[in-house]
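Listed features, source TrEMBL:
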DOMAIN    9-473  domain 'Major facilitator superfamily (MFS) profile'
SIGNAL    1-25  signal peptide
TRANSMEM  65-85  transmembrane segment
TRANSMEM  92-110  transmembrane segment
TRANSMEM  122-139  transmembrane segment
TRANSMEM  151-173  transmembrane segment
TRANSMEM  196-214  transmembrane segment
TRANSMEM  282-307  transmembrane segment
TRANSMEM  322-342  transmembrane segment
TRANSMEM  349-370  transmembrane segment
TRANSMEM  382-407  transmembrane segment
TRANSMEM  419-441  transmembrane segment
TRANSMEM  447-469  transmembrane segment
Amino acid sequence: MKYACAILSVAAVLLGPLMFGLTSGFTGQTIDTMGNSVTTANGTPIEIGDYDHLWVFHSSGESSLFGSLVNIGAMFGAFIGGPLIDRFGRKWCLIGTSPCFILCYLWQALAHTSWQLLFERVLVGIVVGVESVAAPTYIGEASPTKIRGMLGAANQLAVTIGILLAYALGMAFRTSANSVDPNATSQTFCNWRDVSWIYLIPSGLLGLLVFFVPESPRWLAEHKGLEAAKKVLLRLHGTDENDPDVAVELKAYEVTVEAQKAKSGMTQKERFNDAMSGLRKYWIQVVIGVVLQICQQLSGINAVIFYQTTIFQAAGISNKETMAIVTMAVQVVVTFIACCIMDLAGRRVLLVIGATGMCISAWMLGLFFYLQDVTGLTNVGWLALASAFCYIAFFSIGVGAIPWLIMSEIFPNEVRGNAAAIATAVNWLFSFIVTMCLDAYRKAITYQGVFWSFGFICLVMIFFVIFFIPETKGKSFEQIEAEFDKKYHRKHAAKVEKTSASESSPTTSVEV
């Protein structure tokens with residue numbers, strides 16, 4: 001199999017996004033137990049017992065902080081992740097997250113006070129932030145052009161699988177917690193300490209498996225020289241130097257090596273100024289990456305997940321655990337489909353389709369709440385259910401997966417680490433803002449107002465994609481950079497190969 005090494009390397013790296021998903025999904029099944037807020041289907045509280053000290057949060061504020069502090073930690077982790085992956089390499093930064101994940105979840109399994117758990121949540125957020133910069137960058141750089149879309153979208157697939165697995169583990173490890181409440185059973189509470197112990201397994205496998213994958217060839221070209229990059233590139237492609245795909249990339253690496261030689265004598269201050277100059281030079285790519293990450297968080301996916309209990313209850317489904325599993329299963333299936341068609345349909349097409357479907361679905365959800373609240377209709381639960389599932393499906397096929405892929409494709413090698421850090425940190429910042437403000441926003445403008453406003457944001461996103469985002473399917477990084485240079489009249493020092501990597505005809509060099 002031609003690309004076997006690249007596929008296996010990415011598969012190992014996907015344990016990083018899997019840990020991202022496991023961390024994000026941890027609270028879904030556990031937070032009610034941790035805060036002693038488990039209730040029956042009709043809302044009657046069920047008092048927890050003293051087993052294994054599972055009740056640690058004594059206010060709703062502490063519970064909310066535990067859920068949201070990971071975003072703050074991840075924002076900081078993303079900021080430091082960019083410089084780290086540029087200095088130490090994508091591979092070794094991912095390996096470094098493995099013992100950090102192990103320590104965090106060991107701490108979580110043994111912690112007995114709220115402040116210990118809240119501090120741990122910040123720390124694991126920092127680790128997730130570093131991972132969320134390193135993994136997409138590595139995947140984009142290690143993936144051959146022809147399958148870069150599929151492997152890049154697999155990053156989001158691993159995240160959704162991680163969240164689904166977190167929910168499944170939360171349902172599997174149940175206990176009565178020695179409760180004397182007559183409504184308590186052996187399935188009432190989640191033994192989140194046992195779940196934390198299980199998390200040590202993928203945490204360890206991450207470092208073990210990534211140890212055997214090659215470093216990103218683009219990072220090697222910049223830091224270890226052309227020969228080191230060439231060996232890894234041939235290994236990832238499973239071919240020789242005569243392959244046209246490899247020839248195009250090797251030519252780009254030569255430019256990278258020359259650029260690095262010019263910077264070899266720089267001081268730290270000069271390197272910092274050079275990094276800032278690069279970000280200013282490629283400002284449009286940075287803005288596109290940042291705006292896509294903001295759109296992902298402001299698209300309304302958090303509102304659909306946050307209010308899924310209300311939506312499902314309107315459709316006659318009251319089991320919260322069932323709701324969570326079904327919702328995430330839909331995301332996993334549709335994200336897998338997106339991976340399969342990413343290199344066929346293209347990024348722009350899927351983004352427009354996804355944002356359009358989300359826009360309509362969000363407005364339909366708003367219509368449901370309007371009909372329920374204003375007209376008093378009670379037999380339209382099917383509308384809420386159908387709209388929610390359509391929304392999740394369209395999110396998964398476009399806005400969920402593609403911003404991370406686009407980010408790894410449009411940022412030039414000169415600024416990739418720093419630009420990815422900025423875009424990822426902004427994603428986490430807006431995730432925190434939405435998480436903390438969503439309920440207050442809902443109280444201010446009603447359910448229908450929330451979903452109609454998110455629908456409007458999806459509409460704006462459609463036009464943003466159409467007018468500002470180029471199609472990157474089947475193009476080398478150098479071709480993508482050349483398109484931006486031409487459109488925004490930037491001078492490009494190197495001659496850029498214009499022939500697609502998928503073509504075998506002679507290449508032509510064009511001055512941009």
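Here the Cβ of each residue, glycine as well, is placed from N, Cα and C on the backbone.
Please treat TrEMBL annotations as automatic predictions, because they have not gone through curation.
Sequence-distant neighbours of the transmembrane segment (122-139) (same chain, 6+ residues past either end, Cβ-Cβ under 8 Å): 10, 13-14, 16-17, 19-20, 23-24, 69-82, 84-85, 90-91, 93-94, 96-97, 100-101, 104-105, 107-108, 151-152, 154-155, 216, 404-405, 407-408, 416-417, 420-421, 424-425, 427-428.
Contact between the transmembrane segment (151-173) and the transmembrane segment (322-342) holds: at least three of their C-beta pairs are under 8 Å, each pair 6 or more apart in sequence. Per-residue pLDDT, averaged over the domain 'Major facilitator superfamily (MFS) profile' (9-473), rounds to 91.
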